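Taking it in order: structure first as structure tokens, then the write-up.
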Amino acid sequence: MASSDVVLGHSTFDALRLGRSAQMIVGRLLRFWDSENIKKQGEFMGITLLFLDEKNSVIHGFIPAGRAPFYRPSLRAGSVVRVSRFEVARCTNMYKITDHPFVIRFIPQTTIAEVIENAPVINVEKFMLRSFDPLQALANTNLELPDVVGKIQSVQGSDLHDATVTTRVVIRFLIEPRVVVYLSLWDDAASMFRGLIGSGDRTQTVMVVTTVNPKLFGGNLYLNSTPATKFYFDNTLEAISEFTARLDGPVQEAFPCIDTKERIRKKAVLSIGELNKFISNSNEQEAEFICKARVVDVLQQYGWSFVSCTGCSRKLDKDGSSLRCNRCVNPNITGVIKYRVELLVDDGQDNATFVVFDKEMLKLIKQDAAALTLNEINGGGGVELPQCLKDLGGQDFVFQIRVTPFNFIPNHRTFTVSAIVDIIVPETFKTNAAELVQVEGGEASTTGSNMTGSNMTGGEEKEPNPSNAGGKGGVRKRTRE
């Protein structure tokens, strides 16, 4: 990075004007990160930066992908820099990471140099902190990616001391006296946090977490990490010292780490609420559970059957006026009609969507999907649901549910039925359900699974969502201790 000893005629962030001009700013580069387009297999879009000026104002900048190799060697978090000849544009209304209405875009004429001497006095850090009520209001809106300060109550995940593992980590996080939410850390953020707790002092429990995405999951409040998420434990930071002063109890007690690998049991008897809780509090892994529920309705949004490839059993996709298998890539492939039925089920407390496939539907209906389709056509049936499927409504079944990593992706809202049995055998299923899904002090969700993901767009002349993806997972409601 080029250095500069003289700072003349620079603008504060609040005095910036829209457009391209010879404006110059001086500010502290708080942090920066790569932004990617998740809609295009993680295509690199550019570098997002956060600057702080002497007026304690924060603005974000964006370096497009084509210019990133040129500027990246000049970027050092914490340094005071002078940036000249850039474009000032309005921020989008989504995924805001600062309160400033503008963004600084680097153009080919932009220069950046570190200020070594005569630099203005600028604070070391500033965060866009939000308390519980604003976080709850922001949930599922994707309007802001705020920061949050709180105390770690417990940590749950697998291989928590292995920083190479990127599976989800769930943190029970006290953000106000007697108010607990849940941090859901994914990918690099999960790996980074594993490294911190593996090498640090677990009695340092108060931290600031940046750039989280509040989401609703099963009626509960979760704060989901994004690729921009960082962790700060420095007790001298104003945000941490002020939060610590507001706490009633001690802050130097080591938080427990719960290894989910040691807590999972197969084929435990769970309620629907406990199934939702398992998805929200556990890592990606495979498990099977037993759940007794009544069929409320047979959902028709996606139909009740599909055309399956005879070679690999995958669904055939339309290719013009014909069907093809994108896995087998065989032009002579044939298909067979199979069941895929979505059941809205209720156990008296909660409801969820269970998906039943061909093998188990054959046991229930006693007729294969192809024959049923033919009968419906010959009988003059149209879009109406076949009577034998309607008759499932009101019936009680014992479902064996298979949970796979697919259940942990943000937009997945169903559970797959691997078997349907008549009764639960007490001798076989003795595992305590609370042991499987308990996050110390947490409660079960009260509605069906409902994760909502978020995406980002961007281009050479338009900065992408600063967080890269907005995070995964869902959200948890206010929890009273």
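Each Cβ is built from the backbone N, Cα and C atoms, and glycine gets one as well.
No curator has checked TrEMBL annotations; they are predicted automatically.
The compositional bias 'Polar residues' feature in TrEMBL is assigned to 444-457.
Here the domain 'Replication protein A 70 kDa DNA-binding subunit B/D first OB fold' (25-113) has a mean pLDDT of 94 out of 100. Summarising the annotation, TrEMBL assigns domain 'Replication protein A 70 kDa DNA-binding subunit B/D first OB fold' to 25-113.
Feature annotation from TrEMBL assigns domain 'Replication factor A C-terminal' to 290-413. The domain 'Replication factor A C-terminal' (290-413): residue composition by secondary structure is 26 helix, 49 strand, 49 coil, according to DSSP.
The region 'Disordered' annotation in TrEMBL covers 440-481.
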If you run through the domain 'Replication protein A 70 kDa DNA-binding subunit B/D first OB fold' (25-113) with DSSP, how many residues end up as helix, strand and coil?
13 helix, 47 strand, 29 coil
